[in-house]
Structure formats: C-alpha cells, structure tokens
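A short worksheet on the structure shown next.
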Amino acid sequence: MAFVTGPTSFYVMRLLLGAAEAGLYPGIILYLTYWFGREERARAVGMFLLGVCIANIVGAPLGGALLMLDGVGGLHGWQWMFIVEGIPAVILAFYVYAVLPDKPRDAKWLTPADVEYIETKLESERPVGVDKNQKFSFKTAFTNKTFMLIVAIYFTHQIAVYSLTYFLPSIINSYGKMTTLTLGLLTAIPWIAAAIGGFFLPKYANTAKRSQVMLVSGFMSMAIGFVIGALGGPVLGLIGFCIGASMFFVVQSIIFTYPATLMSGHMLAGGLGLLACLGITGGSSDLTYLAY
C-alpha cells in the first residue's frame, strides 16, 4: 500500500490486503474454541480484541506523527505510515507461525493433566446433536434462524464501530484547529474507553443469561453514547463517544461465542467466517449512506 502509484494499483493492493486479512479474525476466534470453555470464551475473545484497542490507541497519534514526515526521504507522510506500521505486523506473523501451538496437546508448557482437563471440558460442551465432522454448508448456515439472527446483530454492531472508526477524526477536527498529532491523541481517547470495557467486562458473560443481559445493555449504552456524541459539544460529545466505544468489544466478544453453541468442526469454522464476512458488510454499508 505504501507504493501505490494510482487508482488501479490502489484498488489491486487494497483487494489483496483485504483478502489476506479476511481470515485472521474468524481464524483466531476458532482457535480460541480449541483452548477455552464456554464460561471463559467471552473473556478470551475480549482479551484478543484488546489488541484492536491498543492498535487504535497507539496508531492514532503515531499515524498523526508519521504524517508529519511528509517529504522526508522523498516519501509522502502516508507512505511512511504504511511502512512503519506495517513492518511489525510482518515480523510478528513469522514469529507466531513458528511458536504458536495448534492445540493444547501440542503445547509444551501444559502438563498431561492440563491437556486432559481442557479436552474433556471442551468435549462435554460440544453442542448436543451436532456432528463434529460435519462439513460446512451454506444452506445449513442460511437456514439456521438463530445463526442468521447473530449475523444481523453483528451487522448492526459493525455499523456503529466503523462509523466511529472512520468519522471520529473528522468529527473531532470540526471542533477547532489542531495539529495532526493533537487530532490523533484526541481520537485515541474513545479507544482507551473501549480497551477498559473490553478488558474488564466480558469475564462476567459466563452464563447464557448474563450474556443476554450484557449484550442488550451493551447495545443500549452504544446507542445512548452515540446520541450524546452527536448532540453534545466538544467535551460532552467526546464523553458520549467514550461511552459508546466502551461497549464495542464487550458486545463483539459475546456475539462470537454464540456460533460455538450451534456448530462444531468444519461447520463452526465456516460459520465463523460467514459471520465475519456478512457482519462486516455493515461497516461498509454505513459508509455509503453517511457519505450522502
């Protein structure tokens, strides 16, 4: 992306980038089902999503600072941003591939008793009447009303997340003149709230009833926060966005625990991918109508 030269190369590289990263999130969620039982899964997903918050907290001011390097080394600021922020991800990819075990049985730091406990617990929580060797089927997924409800919920969630992700810098910039670094620092504040919520709250979603309550209350908090953000001034508005963002990854961590209660094996792997694929379209649809 750092070396695109025009519209054609931009679209090609963006397509390749999207294709490369598309399987990461559902793959990680599937991976966590190999290690964590139902009671711990929402917390595990929340901890993983904490990385997204940290990336935004660090990335927003870092991106603002890197944009100020415009002209250094004959490169634009946005080129420096792609290069500097992309290198750590590439290096980490090779490291993770080399050291991350596939399943508990492959982990050298676990005792045989630990492995037996984890595998027994996960097997006991396998959905009743679901074949763990069942192949993925689009028909099965699309005709499962509960699964499609989960997709619809995630779709609306992504509308909120991407609205804030893409438009918050513009909203904050409308508050008054500021440097790109200051803009980046202010943009990071709601993501700090998201990190706090994602770190502390998902662990309480350890039963079906609690998960339902937290899911509903999370969406209500997001809605209230966004209304405050839209109607309030610079200070109150930013507080409102913090309220909304604080529940982003609490809600998302709960949403992605549900497919494992309906599916297993290849069906679960495909279902998580389909959920991520269909849900993320909410993030692109809101950008279309908000542009007008």
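Glycine residues also receive a Cβ, built from the backbone N, Cα and C atoms like all the rest.
As annotated by TrEMBL, domain 'Major facilitator superfamily (MFS) profile' applies to 1-292.
Residues or ranges marked as transmembrane segment in TrEMBL: 12-36 (among others).
As annotated by TrEMBL, transmembrane segment applies to 48-68 (among others). Using a Cβ-Cβ cut-off under 8 Å and counting only residues 6 or more beyond its ends in the same chain, the transmembrane segment (48-68) has close neighbours at 28-29, 32, 77-78, 80-81, 84-85, 165, 169, 179-185, 187-188, 191-192, 194-195, 198-199, 249, 252-253.
As annotated by TrEMBL, transmembrane segment applies to 80-100 (among others). When Cβ-Cβ distances below 8 Å are used as the criterion, the transmembrane segment (80-100) is approached by residues 1-2, 59, 62-63, 66-67, 69, 72-73 of the same chain, each at least six residues removed from its ends.
Residues of the same chain lying 6 or more positions beyond the ends of the transmembrane segment (147-168) and with a Cβ under 8 Å from any Cβ of it are 56, 141, 187, 190, 215, 219, 222, 226, 241, 244-245, 248, 251-252, 255, 258-259, 262-263, 271, 274-275, 278-287, 290. Marked as transmembrane segment by TrEMBL: 147-168 (among others).
Residues or ranges marked as transmembrane segment in TrEMBL: 180-201 (among others).
Feature annotation from TrEMBL assigns transmembrane segment to 213-232 (among others).
The transmembrane segment annotation in TrEMBL covers 238-260 (among others).
Annotation comment: TrEMBL describes 272-291 (among others) as transmembrane segment.
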Chain residues in Cβ proximity to the transmembrane segment (180-201) (below 8 Å; excluding those fewer than six residues from its ends, i.e. six or more beyond): 46-47, 49-50, 52-54, 56-58, 60-65, 67-68, 164, 168-169, 172-173, 214, 238, 241-250, 253
